[in-house]
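S.K.: According to TrEMBL, the feature compositional bias 'Basic and acidic residues' maps to 455-481. Among the features that TrEMBL reports, domain 'PPIase FKBP-type' is placed at 1-49, 73-161, 185-273, 298-385. TrEMBL lists 403-431, 441-476 with the feature domain 'EF-hand'. Residues or ranges marked as region 'Disordered' in TrEMBL: 449-481.
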Amino acid sequence: MDRGLMGMCVNERRRLIVPPHLGYGSIGVAGLIPPDATLYFDVVLLDLWNKEDTVQVSTLLRPPHCPRMVQDSDFVRYHYNGTLLDGTAFDSSYSRGGTYDTYVGSGWLIKGMDQGLLSMCPGERRKIIIPPFLAYGEKGYGTVIPPQASLVFHVLLIDVHNPKDTVQLETLELPPGCVRRAAAGDFMRYHYNGSLMDGTLFDSSYSRNHTYNTYVGQGYIIPGMDQGLQGACMGERRRITIPPHLAYGENGTGDKIPGSAVLIFDVHVIDFHNPEDPVEIRTLSRPPEACNETSKSGDFVRYHYNCSLLDGTKLFSSHDYGAPQEATLGANKVIEGLDTGLRGMCVGERRQLVVPPHLAHGESGARGVPGSAVLLFEVELISREEGLPEGYLFVWHQDPPANLFEDLDLNEDGEVPPEEFSTFIKAQVSEGKGRLMPGQDAEKTIGDMFQNQDRNQDGKITSDELKLKTDEDQERVHEEL
């Protein structure tokens with residue numbers, strides 16, 4: 001019989017004919033095998049092992065990128081099919097609809113599996129053959145694993161981490177000229193793809209066609225992402241690998257992130273700002289001639305501009321309209337950050353302005369502008385007209401006429417109707433004796449001036465009603481002469 005089994009393979013079937021002198025000879029076995037009997041055996045080899053055997057590991061598939069390999073004390077999540085050496089299945093994680101999750105090298109697994117999982121990469125497939133003395137030995141396990149059985153496991157490693165792991169960062173693309181990095185308290189807009197360690201995608205901002213917007217380092221997102229976003233540059237692409245104790249822990253979340261899952265985020269930082277940020281102003285060029293006067297509040301300015309997001313997405317440009325933009329500074333006609341950035345400029349000067357959203361279009365955004373977006377302007381001041389003091393619609397270039405009412409009352413009837421008032425004011429402007437508020441419709445401005453002086457609103461101004469602004473009581477608020 002010993003000789004007949006030599007060279008057999010598992011699941012091989014043989015018929016062995018054993019002559020008496022190699023069987024039970026002339027004695028036989030009482031009541032069972034007569035003396036001098038030739039014996040016939042139909043044999044199927046189910047299992048075989050040697051006391052010198054070790055765990056046999058065969059790599060069936062190894063991914064090209066291996067971020068880390070399994071070590072003792074790591075926590076792993078894996079799928080497996082378990083069979084006996086003859087192919088009889090005894091267990092499978094797939095039938096339970098979830099991975100097998102456990103620590104390696106901590107006595108929670110049979111010794112052979114502890115050894116067989118070492119050095120595996122996430123996504124790797126292995127065949128692990130374990131002799132019985134490194135499995136369930138002489139006792140077997142329940143009714144499914146007989147005593148002294150060798151076990152075969154086909155394993156797919158889903159992910160691995162260690163309880164001591166921290167967030168792992170990998171810079172995929174770093175734009176040149178990074179002058180600022182995100183810090184705790186900043187508000188960031190970013191795109192991301194989120195996947196498990198085996199590559200399964202569980203979420204993506206791109207699928208919603210909208211950035212994810214949040215404060216960094218303030219506890220609004222999982223701790224690992226809070227940490228992983230700090231130190232990033234605008235425009236940077238980075239990979240953030242987060243162990244479960246810094247993500248969703250043992251319970252996971254929803255139906256796409258299982259318990260104890262390592263999460264990988266490929267992040268593209270669009271922009272970030274701090275609620276305390278001012279407008280950033282950088283001069284690109286100045287006119288060659290000396291500049292003695294610069295733009296200020298109240299000035300009427302004409303300027304060209306290009307406006308974009310920090311990722312380069314073009315939003316608006318005055319060049320598209322073929323004419324400069326016009327605005328009176330300080331009149332709330334443009335966003336606050338742009339108004340600020342246009343002040344102190346020389347005609348012909350070019351500037352770059354970085355405007356945080358709280359000085360632009362805020363959390364809601366505007367048509368064509370995403371919410372909470374930082375805006376980048378390139379502006380060139382084309383011209384400026386000096387503004388008037390606050391509250392004034394018209395100023396004299398010299399002292400006003402000594403007999404102002406008589407000069408206004410062109411027909412000397414003791415009353416000044418709108419037509420006489422308008423004719424007089426236009427003459428002062430034409431002769432260079434005074435000027436109206438720039439950037440406004442002259443007729444409307446003159447009409448407002450008349451309304452301010454026509455205090456009883458009867459359609460005419462009398463000498464009792466006419467009063468210079470400088471002579472008015474300080475408690476009155478009228479935009480008038």
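Including glycine, each Cβ sits where the backbone N, Cα and C put it.
Automatic prediction, not curation, is the source of TrEMBL annotations.
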S.K.: Can you check how the pLDDT averages out over the domain 'EF-hand' (403-431)?
M.R.: 90
S.K.: Go through 1-49, 73-161, 185-273, 403-431 and flag the stretch with the largest number of C-beta pairs under 8 Å relative to the domain 'PPIase FKBP-type' (298-385).
M.R.: 185-273
S.K.: Sort out for me which stretch, of 1-49, 185-273, 403-431, has the most Cβ pairs below 8 angstroms to the domain 'PPIase FKBP-type' (73-161).
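M.R.: Going through each listed stretch, the top one turns out to be 185-273.
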S.K.: Who are the long-range neighbours of the domain 'EF-hand' (403-431) in its own chain, taking Cβ under 8 Å and residues 6 or more past its ends?
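M.R.: Result: 394, 396, 442-443, 446-447, 449-450, 453, 459-463, 466, 468.
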S.K.: Within the domain 'PPIase FKBP-type' (185-273), how many residues are helix, strand or coil going by DSSP?
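M.R.: Counting residues per DSSP class in the domain 'PPIase FKBP-type' (185-273), I get 13 helix, 38 strand, 38 coil.
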S.K.: Go ahead and report the DSSP secondary structure tallies for the domain 'EF-hand' (403-431): helix first, then strand, then coil.
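M.R.: Secondary-structure composition of the domain 'EF-hand' (403-431): 18 helix, 1 strand, 10 coil.
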